[in-house]
Every structure is written in C-alpha cells, then in structure tokens.
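Peer 1: Quick one: this structure, given as structure tokens, is what I'll be asking you about.
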Amino acid sequence: MDSETIDMCVKFLKISFGLQSLKNLVKELFGGSELEKLAYVHAAFFHANEMAIHWNADLPWEEVMSSKRIKERFGYVKSHFLRNVVYNADASGQMIRYNTTTCEQWFCCNFNLASYSASYNSLVPEEGGSMPINEEAEIKIGQSLLTCAQSVTKAIYAKLSTLTTRSIQGFLECLRDAICGAFSSWLPCIRGAFAWFGNIIEVLKHWAGAAHEKLHNFLEGIEECLYMGLGLVASTCIVALIEKFLVTMSVISGPCGRPTLFLTSAMAIISSTYLLSKAVEKSSAFTMLLGFVTQSCQTVLGSLFGKSAKGSEEAQGQFGPSAMLESLATLVSSWSSSSVTEIGRTFGAISQIKNGIIALKDMALFVFSKLCEMASKVLGFESQILADLSIILGENVADWLDECDCMLAYLLEFNSNARDIFDRLSQLIEKGKAIRMGILRTTHRGPSQVLSLVTKALDKLTELHNSVIMSGANSTRKTPFMLFFTGKSGVGKTSVVQRMAANWLQQEQLGSNEVYSRNGLDPFWSGYKRQAVVTYDDFGAVPGSVSNEAEIINVVSSNPHSVMMADLKEKGMYFDSRLIIASSNFLAANPESGVHDSEAYERRRHVVVQVSLKEDMAYDPGNPCANQRYTLLESKAPFAEKAVFESYEELWSHVYNAFKAHEEKEKLFLSSLPIPERSEKEALQALIGICVMTTSYAPKAVIQYGIDHLVGYHYLISSAEHVYFWHEKGEVEIVPMHLMKLDKMDKATMASTSLKSALMCQDMAKNFPTLNPLAVLYAKNIVIRGWVDANLQASKKCEDSYMREQIESLPKWQRAYLHVLSGHIASNETRGWFLNCLEVTKSNSRSSYIWEYKSWPMPLKLALGSFLAILAGSAIFCSLQSLWSISGNASFVAGAASIFTIGSATAQSAPPNKDGSEYTYRNKKIKIRNWEGQGPCFGDSALWIAENCMATLVVMKDRVQVCMAPGRSFLGVNHFLRMIPNGVMVKLETGMTETYFVWEKSKLKLFENSEIALYTSSNLPKAPDSLVDRFHFDLETLPKTFPAQFFTYKFDKDMQQYVPELGELLCKKAERALCVVSGEYRRVISHHLTYRNPTVAGDCGGLVLAIIEGKCKLVGLHVASDGEEGAASPVPWDPDFKVAQGQSDFLLSYDEWAVPKVLGPGCKAVGIISPEHTVGSGGKTSFLETPIEWQLNRPCGKIPSILVKGDVRLAGTENADYDPFAVGMTKYAKEAGPFEPNGLDRVCESIAETWHDASDGFEFGPVDLEAALNGIENMEYFDALVLSTSEGYPYRLDRKPGEKGKARYVEGEPGNLEITDERILADIHWFEEISKTQVPDLYCIECVKDERLPVRKVIKEPKSRLFTVLPMSYNLAIRKKFLNFVRFIMKRRDVLPCQVGINPYSRQWGKVADRLLEKGNSILCCDYSRFDGFLPKCIMVKIAEMFSNIVGETGAEREQTKNLMLACCSRYAICGRVLYRVENGIPSGFPLTVIVNSILNEILIKYAYWKCFETESLIRDHFDTYVAMVVYGDDNLISVSEAISSKFNGNFLVNFMCNLGIKVTDGVDKTKVGIEFRTIEDCDFLKRKFKENADGTWSGVMAEEHLWPQLHFVKAKKVEMSEAYISNCNNILRELWLGSPEKAAAFRREVISKLKWVEPQRLLTISQVALFHNEQMNGEHPFVEACHQLENLELMAPLEPGMLPIKTQEIMPGLFVASEKNFTGNFDDYFTISITTNRKFEDGKGFQIIFPYGAGRGGLPSKAFMEQNVIRKGCAIQKAFKQGLEKGNKMLFISQSSVIPAYVFAIMLYRSVDRLPRALSNKALTSALGICKKLSYLPKDFPDLF
C-alpha cells in the first residue's frame, strides 16, 4: 500500500476515534464491561472501514464528511453491534479477528487483545536470555498502533480541551505523553536503552532556549510560542528516530508510520478544541494555520532524514533551512479564504510563489507576510509582533547591528583613518538603507519601533562616517589602481567608465555616492570626501593650472598626498581613494602637460584599454556597451596590443582580477614597512596641529572666550555640556557650555564637530603608541564603559583600583577626548552601543507584545513557533540528522546520549605524562579520551603503527576507518565493506597518499570467526615491509586481561577535518560468542576482545594497541559496541602477509624513519639507505661552454641545468639551498583524479575499439629475449636495446671501474648480442613469474637530467628534471611483452592520435596538418604541469586492460600485464642516500614512457570531452566527428569543430582539468592565463611550427631560440669539442634551411669566415642540406641513416666490396689481428683484446676496449680517448696489456668487420709500451694508410708514432 493510501487510512481512524457518537454508543452497550475498550476500538475500526467504502466509491470529500453520510455510517455501526456483537458469545474473538484483518490490510501488522492491557517487560534480554522473535514483536506493535491513537488523543485532549493551562510546561508534558503513547508497549525497552528519555521535557526546554538566544531573545515574554513550536517539530523527529532504531534492532518488523500517528493525533485534538469552539467563519483560517504547522513538521522530517512523516523512505538529504522555507513558502502561497478544501492541493513551483525569491531572506519575508495576513483575519487587526519579527528576522536587523558594534570596536582599536574602516562604514550604511527601504515597502503596517531603531542606528553610522572623512592619514598608503580608457570621439568611453564604476561599487558593496567626478579645470578638489572611486572624463583634453597628467603623478603613488580644498574646514584632506578611472582621446601624455618623464606618467596607468566600435553592430541604448570592442594595450610606448575583448563582461572580469591582484601586492608592501619611532616632541606638534584644525571650524564665540579668559590655551574639544581648552604645558581647562553664550547655530556646529575632533585625537594617540600605551590598548574599554567623567577623573563605573590609577595618570588632553568619545558611543551594558539600541526597542515593545499575544489562538502560536524553530534551530536539527545515519547500530545509544544530555561532566584524568610532540598525529593535536581517569601514554612505537596503519576509505559520502596491511591490502569491518556496491569508484586516504580505485567485491576476503575482512588490490599503495612485525595474530598468547590503547582518526563534520583521538582501555578476552548486528546483517564470532568503554558512531575500524613482549603491537580492530561495552576482533592471519619482499633475491638495506617525510599523497621519503647499498648520482655536466668567438654573438636562452645541491651559480641567491632531488620528487606528490568510472570506461573502450580497427596485419604477442635485446633487422620501429645506458639497480652496485652500463652483461656483436649473465636471466624470469600474482617491488635510481634549460628555470626558479633509471631485467621483461605493441602504435600513427615515430622532415608533418585542418582552423595547444608525475594507477590499469583486450590475453596473462605496468607506478626511488616511496606517476626510464604518456594524453582529452557532453549522446559518442587530435607524450594539438567550440574550448579544459588536480596552460605561451584557440600556423608541436610551402606541403620549422644554445654549449663527453661543435652547426643548418635557405647559407658563410679553424668541407653545403630534405620529404632514406651519412662522409662503406682486409693475420711473431665474422680460431689459445665487441673473459685471458667512434676516424676513437686510454703511460689498458705480454701468450686483437682497427690498435699499443721501435711503427701505420685513406689524420694527431 502506498504512503498516500496509508495516510488516508490513518485519517479515517483519527476521525473515527474522535466521534463522540461512537463513544456514547459503546458506553451505552458495554459500560463497565471488560469488553468496553475492545468494543470502542472495534467500533472505530468498523466506522473507518465504512469511510473507506465511501471513499472508494469516488465520493467527494465534502460528501464523505456530510451530515447525511455521518448519520448513515453511524446507523451501520449501531446495527452491526446490535446484530453481531451484543448477543454473540464469541464477540471478543470476532472483534479481534476483524481488527487484526484491518491492521494487516492497512498497516501490515497484527492486533491482539491478550497483550492489550498487559504490562510488558523490557525487550533487553537478560544474560542467557534471547531476543523476542518477530512474531512476538508484531503482536505488540499491532496493539501499540491502537494504543497510540487513544493515548495521544486522551493526553492532548486532557491538556488542551479544558483550556485550564496554556503554559509551556503543560504543553511540553502533553508532547511527552504523546511520545510515550506512540511507543507505549515498548516504553520499558526505550527507557532502558535511553537514560535521557525520562528527562525529555528539560531537553526540549534547553533546545528552545538555545534557539531563542539565536533570535537575540526578541520573544521575551512571549517565548511560549517558540517553545511549543520547537517542541512539536523536534518531538516529531524524535519519534521517527526511535522508530527507526527499533526497526533496525529487529525489535519491530518494520516502520508503522509513528510520526504520522503522533503528528495527526496531536493536530486532531487541537483542531477539535479550536475549530468547534470558535466561530465558523474563522475555522478556515485555523485549519490553514494547523496545516502550516503540520507541513513544518513534515518538511523538517523530510529534510533531516530523507523521510516523510508518513514513513516512506527517501534519499538522505543534507539539512538546511533554505529548502524547508521553499516548502513552507509553497504552502502559504496557496492560502485563500474561499474554502477549506483548497488546503492540500498541488502547489505551484517556487517561481510561481513570488517573483524575486532568490535568497533565504526573501523566503522568510514572504512567509512572514502570509502569516501576517492570516493573523489579521483571525485577530481582526494587524499583528505588531509579526510585523516587527518579519523585519527583525527577515531583514537580519540584529546581525546588522552586531556588525556595527564590531566595526565600532575595530575603529577604537585601530586608526580610524584606515581606508578599510572607512569603506566598511560605507558598506554598513548601504546595508542599513536597504533595510529601511524594505520596512517602508512592506505591504502590512510598517513597524514604527523597528523603523525608529534602524533610523537611529543609521544616524549614528552616518555621524561616524562624516567624522572620519577628515581622518585621511599623512602616511604611506596603498597606491590607487588606475584604469585608463582611450579611443576616438563618440565610441562610448564615458558610458563604459560609468558602467565600470557602478560594477566595481556593486562588487565591493559600496553605495553609488562613493564616486567622485574630478573636474580638471577646478584647482580645488571641491566636494571630495574620500570617495572610493575617482573618475576623469576627457582626461587631459583641456589644460588647467595643473594638467591631469601632472596631477596623476602624485595621486597614483604610495606617498601621502594632501589635496587642495577650497573650504578652510576641509584643509588637511588626504587622498586615499582606491580606484581611478579616466577616459581620454589621447593615448600618450599631452606634450604641454608639464610631465618631463612620460614613462613616469605611463607606468602609473595599470590597465590601458582602447575602445572601438564593432562595424557590424548598431548602437543599442538599452545596452550601450554591446557594440564596443576593447583592446588591452601595454601602458608604455609603443603601446603594444596584449589582448582583445569582444564583450564588456570579459573586460570587467579582467579589470577586477587585475585590481584585486594590485591590492594584494600593495597590502604586502605596506606590511613590509617598519613602524617609525615617534618622539614626545612630535606628538605635541601633532596635537597643536589638531587644535589648529579644530579651531578653524569652531564658533567665533568659543575662540573669543579663549582669547579673553584663557591666554595661552588652545581650543581642544567639546562635549554636550563642556568645552575643553588645552595648554602646551599639559593643563586642560573645563568651561561649562552655558558660559559661552552660544546661539542655536553655534551649538549645532559644536555638536556636529565633537565626534570628529575626538576621533582625530584618538588617531593621533595611535600614531604615538609608545608614549602612553594605555590610551591605545584600553581605549575601547574606557570609551564603551564610560570610565572617564566630565571632570576628567576616573568615574564610579570603573571599579578596578589599578585601572583608576592608570586612567588618572593619563594626560588630561587624552582623558578629554576619551570622555567625549564616551558621550557619543558609550553603552551601559556589556553589549555594544548598537545592540543596546535593540534592547531598548525590545523593552519598549514588550508590554504591547504581551497584551497582543494573550489574544492569539493556539494555532497561530504553533504556526509562528514552528516557523521560528526552522529559522533558528538549524544546529539542533543537524544533530538529529547525524543520529539518523547511525540509528542502525548500537552506537546510536551513545550518540543520542551526547545530544540529549544537558551539560557535561568534568573529566577526572591525570595530566598527560609525555611531552607535546607525542600528542600530535599528522600535524593535528590528538584528542584524549579519558575513560579510565588515566593519562594515556602514546609513544613513538604506537605513533609509528598509527601513522602507517590508519587509513580512511571514502565511499561516496561515507567514510570508514580501515587498517593498512602488509603488501597492498587493508583490513576493515565486514559489515561496512560488504555493503559497498561493485564497480564504484572509491578513495583510500592514508597519512601520505590518496588512491582512487574501482571497488571489486571479488577481492574482499572473509576470515572464519572474524568480523574483519581483507581487501587486496594491486592498485593500493604498498605498506612498509616491516609492518607485519607490528601485528599480533595469536589471540591465545594474550593474557586474559591487559591494558591497551584505542586510537581513531575520524572525520568531524562540524570541523570539516579529521580528528585523531586516543584513549586507554582495559581489554579482556571474551569467553562467549559475539553477534555483530548492522541492519539486516548478522555475524557471530567466538573469539574477540571486550572493554567497558562507551565508544561512539564511526569508531568501527579503530586500532587497539598493546605492549606485547616489550613492543607496541596492533592486537585488533574495533568492530561493535552495545553502548557500554566495546568489542574488537583480533587481527586475522593471511599467508600473503609473509610474501618475500624485495626485487628478485635482492632486499634493499635501509634505516626506516619513524615518521616519513611526506611530499604529498603520492610520494614520501621513508628512510636512509645503508652505505653498502648507496650508489652515486653523478653531478658533473657533460656540457662544455664553447669559446666566446664560437658563439657568433647569438643569444643563449638556455644553459645547463642544476645537477647538485650547492651549485656555485646559485650562491648568494634566494635559491642557494636548492636541492634538485628534493624538489624534483615533488612532481609525484599527488595523482590526478578522481575519475568517474563509467565515463572512464567508455573512453577507454572507444580507444581500444580504434586499436582493433587499425590492427589488421599486426602481431601483438610477446617476443623472445633475443628480439627484445637485438631488435629485428630491417624491421621499422623494432630497434635494439641501447647498451650505453645504465644497467639500473641493484646491478649498479657491482660495476667496477672502467665497466660500462648494460654492455657489461652482453656479449657478441651488434645484431647478434646475447646475455650470458645468469643473474640477469634469473631476474627477467622472476619479473615475469611474480607479476602473474602480485605487483613486483621495483628499485629505481633517480638522476638529475643533464640538459639545457631556459635561464629562468636554472637561476630564478630552478626546475631541474629527474630521469629515472629502471633495472635492466625489468626493462627487458617489458620489451618482451610490449615490443610488438609499440611497433603497432608507431606504425599506425596515420590513423591513431599518437605520433611517436613521426619524421618532422617528411610528408608526415603535412599529414598531421591536414588531419587537424579537416575540423577547421580553431586549434587548442595545451601544456601540462608535472605530466609524468600525476598518472594515477586506475588509468594505468585501464591501459593494461586495453592492451590485454587487443592481444587477447586471459587469466594469468592479463594479471601479469597489469602488474608489470603497475610496478613502475608503485616503486622505490633512490635519490642518493634517501629512499622514497612513490605511488603514482610514470618514470622517465620506463621503456613505454612516451607511448603510455601519449595514451594518457588521449584519455584525458577524450574524458574531458565525454564529461562536457555527457547528457548529449549524439555529440558525446562521436568524438572523431567534431574533434581531430594528435599527441606525442605530453604534447597535443586539438582541432575543434566550430559546432561545439563554444562549449568545448580552452576555458572548459582548464577548469575541468583543475578539478582533476591537473594544471593545463597554453602550449605556446606558458605564462599566459587560460587557453585560447589558435590557427595552425601559430601552434607548437614538438617545439616546431607549421609552415605551409608554396607547393602545398608543410614544414616543421623550429624556432631559432631553440637553435642558438647549441653554439654556446656542446656535449663533448664522447667526442672532442670541435667535433661536437661541427655536428651542432650541421644540425642548425638543417633546421634553418626549413625556415629560409638564405638564412642557412648566411649562417654557413658566417661560421667559415669567423672561425678559421673550421674547414669548409666539414660543414654541410646548402645543396647537401637541400638533398637531405628532399630525400626526407620523398621518404628515400630513414632519418637517422641520412643524418649519419651527411655528417660522417668518410665513414661510408667502400665502393668496392672486399677492399679492406678481413682475414686473420699474424703481423708479428705472436701478434695476430682478426675480424669477428671471419675468425675461426679458438679464443682459449690467445690473450684477446676485443675492440668494441662485448665479450666476457676469464681472469688473465683478455679484456675489451669499448669506446665511442670519432667522427671521420675510420672506426677508431677520438684523439682524446687514444691519448688518455692507450698512449698515456700507466693507463689501465696498458697495464692489462703488459700483464698478457709478460705471460708469453699469443696476443689477438680482434675488431668487428675489418682487421684495420685491430691492426692500428695493436701497433699503437706495442709502440706505447716500447715493444716496437718508432721506425717499425712508422712503416706499419704507413702501410695501413695506403689501404684505408680514412686514417690520414694519424700522422697529424700522433706524430710520435711516425
């Protein structure tokens, strides 16, 4: 049965129980009989059924309630009783069955007479007892339903129908009885569970008192209505709370609509009392008012609990008065006097109630106005109470007065000349005027008392405002902000100035009179009164005595500036306006302006705007700015254009933001200035100056009196009765006012200037605070409390003797102005002057209020009381709402006790016995729970456990405590975790990380006999390895009783933050089973811990810590409580807790910090690495600065990055302590998110579908190790592993001097390499196997990237980037898995957005341009901040799933793919000796970094697009129709169709990404605010522009600023500086040619002409460069091969094959040379020197020489390498070579394809160790020169060999 039908059934019963005719009938037939009660109930049920029959017959309600039908139904009842009941032997049984059937059909519950009159025991079972079964509960509830209807009726009728009392106590007792009646059968149970229930009246009184205080006690004398209204509303909520608690605890089987029964019964008796006893014509109004009360209760119930009074469950809502007022406003809008039947009809929307209801105030005023109208109908006259309340509460008058008092106190404590005080006064005056206008516009009678109050306060504010106008300070001020409009005549500059000023005043909440229009021709500032805005129209058009330009020099400055005033009384006016707006036809200063330095004038204009008209738009008088265009210009010549705004709104936003930024800078500037020291002499001079000023506007009679009677005295100040004259020696003469013989005009002048003079003296004293601090620090108390009397002595009001002495020690002139100030703003009460006015108003109105209130009927009182309860009871209702969320468990009892208990007990705990450092947790002070009266000890060990274990799981709006477990898992209470829906996005918050992941129920593991569940996921952060040692798993080994500590970390909704709490426990091992109950959930556990401590809601998951064997350990998690005794479940054991940690068989040794250094949720420093496991991180740059003449006078915008802390380039700067490691790791501080799962899934599915469509003909399976190592020959994008890079960790620890990276683990020649090291092979296998079940541990080395960076990123804001070196074994495992996929992504860049592998010199660049231009030429170019640091695990998982889907992986293969990829997102990072734990981001050394970054880039943009058009499926699902996109890592270009560009644009992307924690800026101008559409020619991609050539092709031109740094710094680590420089020059030639061949030719000529050492043939010719680009454009040569041939022409293969010798030869006895491919001997027969080929040797059997090739050197190394490592005496190679010679072995030199390198090496080594005379080396090398012409450099470079 639906809720409306149930409501109607209740209505039938209510009417039936209220019929006197039925009562009389039953009394007549069964009076005094045992069946009387049953018969009465049966009669009511029978009559209600008859009413239902009439209703079902579709009779109108008027017809159902007509006298005809009432008589008809009574006849049926009487007939039924006479025929079927009176003489029936089984009458009672039949009546019970009838009643039971009705209850079952109407309310789904039973009725039983046997339990009707019985007294029921408590439902709380005794020990050994059992809970009643549901059948018993249903029987009792069925009875209680009827008892409720009777008891409520009787209780309220007894209290109200007699009308003997209308007291608050009587009404609240009535409510208490009604609540008891609603639960009469269960009262013992409720009273046993809730101790506060018996004190409910006091609770309701306390709440009503608190609400009355919030209303500023305005209802004194008539507060009864508030007490009754709040009592009724709150009682309805309490009934609903108790009912839900009984249902969830299975005491009753389901909700029975108790709030409805309670409320309708209460309203029924009130209705019957008043509607039947009053005149008929007023019954309609009474019914409306009672309907208003009912609606108020139901509205509060629905807002708090998501539940109507009828009992229907709805979504839980957040309590707030605004939504409830809307409901009430909707109700009263339908009130009409035509008929009662209009009540309850469907009401219109809120917009139909009253136009302009846009705020809480408007709705409150509207409801009050309707109540006033209804009250006038009931009372016959307009209600003064409601009229006054509508203004006091609706207009927030009390709060406004309170603000005025706060401002007044601020004015007395700080300088009144401060601009912020002046503006605040203006704001309060404007607010007061608005309130006064609201009073005058009220439709009902204007409340004269309130109007008088507001007017009085306004007069005082205006007096204060006028008094501080002349208080402008002669001190440093904020520089005003100047806005300058320029443009031709007639473009509407004046209009935009006026609109800009009006908008600024509105935004700053200032009145329209705060604008001063400056007349440039007036030498005086006539009319200037420190207005906030100054405007200049036609600035500089007409020269005056002082030009406008010259005037601005002093006005727009931070120096004090006194303006010229015509009136003597206004002399000393200082300028401190905040905004200057000028309009002029001239952009520059007038040459005749007298400004000698035009730049000084120009830089004072903060924003310069040129106004012009749009050609295609006509002028609209209604919107004069609509046809204007605004161009933002530089303020200085040549006035370059900065931006263009097409609308006024855009301009206004820019100007206001610029203004606020300017004000903030000025505020910081003023706060940095020192406070000047002032002397007494200066103070006296200032006081004389004040006297001169006050004398200037004092009446002549006062001045003349001083001259005649007080020689040497100065007029100082006056009060209402006295005039004070001051002598320079300090004396003050007091003259009564009547002696002055002043006329009325003079007295008015004295009165008007009195306050102004007093404030000037007060400000002067504040400027000299060190002379007499008392007058400054205690001025507020002295003035407000009137502690100085008219005779300038301490008054009787000052009772403190010490303070009296201090006041009397003040100079008399100070006492004089303090006394005068008291006369203006003193208050006799502790409250301020303004609130005291409110008290006077209340006092004057109280008697009339009480007189009127006596005539109010009860419905009107209840209506007003319930409405005020909603306005003022928000805190109470929020508390009740918090109880609703926990009413399903035992913690409800404790929570209810804390809310319903009045007052608080004093804790009797010992003071803490540890210092404060131990009582902070995550930078928050720990709140102590003093349960046992002991001081808890929270030591370092417990803090470590809490820090690493305690976490919070956030599921939508719910939060629960969980405990991090070893590995990637957490423990939590099962009754919460099991309820989390599958597939929702949740967040795990620890002290260091925030991780979003999708909940998978399959990963939740339950343990037998435990309430704790374990959730394991590879997405979770990894807990410390040592955590498992801090868990105690064996409950049996614990003592029976032991002390413990209870630790929680819960979110406090009031404080809006997490609060740590700690308490002492005395734990016991339980001897009986525990049944954990949560809603329908039941779970019995036999093993648990108990402690008699009253835990509260949200404690589940709290940590129970105890000292075990001298060490603090976690013994359990809190899982349940019955309000008095808590229970904890022991920590369950899981085999995965002891999974071996570390990378393969290596376990890093480090000292773990007790408190890690947290950089953010995604990264923390966890400890210091042991010395034996520490590796060096470099620190020396490979860049060499070239000689100055080599730099060719080209600018250098980039220099080498900072590699180590303490770089000399930063010495003496603010960045001297810059640490590149510490700062670089901050990029991993926080992952992006959260991502909505459905949208993310849809986006990833669409990308995977695109892959499938493009995958035809591609293999995706894994490759073997050989292919992963060597690549596949002649297969594009299948390159070999780069062996010159680092081998990673831990292999780096084993590297010996002279050994190189990965190469030392590889043997063979390129293309045929193999790994023979067993450790590497075993580690590769380990990664492949362990990743099938879990995420492997990964140790990575962080190195600072040695690169050239912009100067600002090196000197001003150092931002060195980190490069991450991953283990070689892991990289190979990844290559085996993904190499085919990488090739697919790079190969299909023609259809995929990812452009990795693009050749910018080929036609591929043009294809990118054409793809983008297909959607139009509106392109977004984005740049991300810390892109490789924010990759979240949830997206890495999605990428892994997408790969698995396209490959077709299942089961273990899918898990392996996911875990391998997640390993790089969750790793250990080694930064020198500091070890970091990183939980997001992607390391730069990951083999798939650029691919994954590209996919992430694509996902982010498509996800943003999907969310942008989430509700528009026709656009949302067709990304490629409206958008074209290319990505390369974090670079992207997004071409957007014009059809959607208004919505999907740069502003949307910036804001959307910001919500995900991602900062996006313009990719071209990274300092620009926002992202705007660009044309393709203006876009950057891979630092290249798009240039369209004459033939229609496109070139990727690189900006020249990226080229010139190559002339300043070269990388010469592997080659000589000159060789590297030549290579850089050739690279510059290639790039310059793309932009202009002429520039390339000019650059080549310049290099040759200025650098004589550069041989022309070593530079590429222009024709060679042109040929190179032609070949690239036509795709004839791969890019790398073409570059290699161009730059190393002498290394090209011989024209005739076989020209170089390749066979093994014995060139001397025992000396052999050979080539790799043609050697057929046995290496065991030789001592081998292997040239460039990786080969491992046994000790004493040879060595290898690995070197970089020199440019054009015939396969030999550079000259520097030969000199240092071959020819130099005592070098390592010579030593190893001599050892081989001394053993008498045959010596074999072997090189790769030819014997020539081996031959030359052999000769040079023999000569260097003196085994070969110079003559023979000459002959041998000359022979080699004859065979290989490329060795022609040898005689020149090595003359000692010839």
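Every residue gets a Cβ built from N, Cα and C, even glycine.
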Peer 1: Which residue range, 43-63, 106-126, 883-903, 1492-1512, is the one Swiss-Prot calls transmembrane segment?
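Peer 2: When 43-63, 106-126, 883-903, 1492-1512 are checked in Swiss-Prot, transmembrane segment belongs to 883-903.
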Peer 1: Should G487 (ATP binding site) be counted as helix, strand, or coil on the basis of DSSP?
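Peer 2: It is in a strand.
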Peer 1: Given the active-site residues H975, E1011, C1100, state which is nearest to K493 (ATP binding site) when distance is taken between Cα atoms.
Peer 2: C1100
Peer 1: May I ask you to report the DSSP-based helix, strand or coil state of T494 (ATP binding site)?
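Peer 2: Assignment for T494 (ATP binding site) reads helix.
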Peer 1: Tell me the Cα distance separating C1100 (active site, for picornain 3C-like protease activity) from G487 (ATP binding site), rounded to the nearest angstrom.
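Peer 2: It is 69 Å, counting Cα to Cα.
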Peer 1: Let's check the environment of C1100 (active site, for picornain 3C-like protease activity): how many other CB atoms sit within 10 Å of its CB?
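Peer 2: Here the count is 27.
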Peer 1: I'd like to know the mean pLDDT over the domain 'SF3 helicase' (458-626).
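Peer 2: Averaged over the domain 'SF3 helicase' (458-626), the predicted model reaches a pLDDT of 83.
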Peer 1: For G490 (ATP binding site), what is the tally of other C-beta atoms lying within 10 angstroms of its C-beta?
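Peer 2: For G490 (ATP binding site), the count of other Cβ atoms within 10 Å is 9.
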Peer 1: Between K488 (ATP binding site) and C1100 (active site, for picornain 3C-like protease activity), find the distance joining the two CA atoms and give it rounded to the nearest Å.
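Peer 2: Distance between the two Cα atoms comes out at 73 Å.
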Peer 1: Which three-state DSSP class does H975 (active site, for picornain 3C-like protease activity) fall into?
Peer 2: helix
Peer 1: Looking at the recorded positions S489, G492, E1011, whose Cα is closest in space to that of H975 (active site, for picornain 3C-like protease activity)?
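Peer 2: Of all the candidates listed, E1011 is nearest in space.
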Peer 1: Within 8 Å of the Cβ centroid of the ATP site residues G487, K488, S489, G490, V491, G492, K493, T494, which other residues of the same chain have their Cβ?
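Peer 2: Apart from the listed residues, the neighbours are S583, N585, V611.
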Peer 1: When neighbour density is defined as the number of other C-beta atoms within 10 angstroms of a residue's C-beta, which of the recorded positions K488, K493, H975 has the lowest density?
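Peer 2: It is K488 that, of the recorded positions K488, K493, H975, has the fewest other Cβ atoms within 10 Å.
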Peer 1: Using the alpha carbons only, what distance in Å do you get between G490 (ATP binding site) and C1100 (active site, for picornain 3C-like protease activity) once rounded?
Peer 2: 73
Peer 1: List the residues of the same chain that sit at least 6 positions away from V491 (ATP binding site) in sequence and have their Cβ under 8 Å from its Cβ, in sequence order, or write 'none'.
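Peer 2: Result: V611, S612, L613, Q628.
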Peer 1: What does DSSP call C1100 (active site, for picornain 3C-like protease activity) in the simple three-state scheme?
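Peer 2: DSSP call for C1100 (active site, for picornain 3C-like protease activity): coil, neither helix nor strand.
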Peer 1: Hey, how far is C1100 (active site, for picornain 3C-like protease activity) from E1011 (active site, for picornain 3C-like protease activity), Cα to Cα, in Å?
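Peer 2: E1011 (active site, for picornain 3C-like protease activity) has its Cα 11 Å from the Cα of C1100 (active site, for picornain 3C-like protease activity).
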Peer 1: Determine the most Cβ-crowded residue among the recorded positions G487, S489, T494, E1011, using a 10 Å radius around each Cβ and all protein chains in the structure.
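Peer 2: Neighbour-count leader: E1011.
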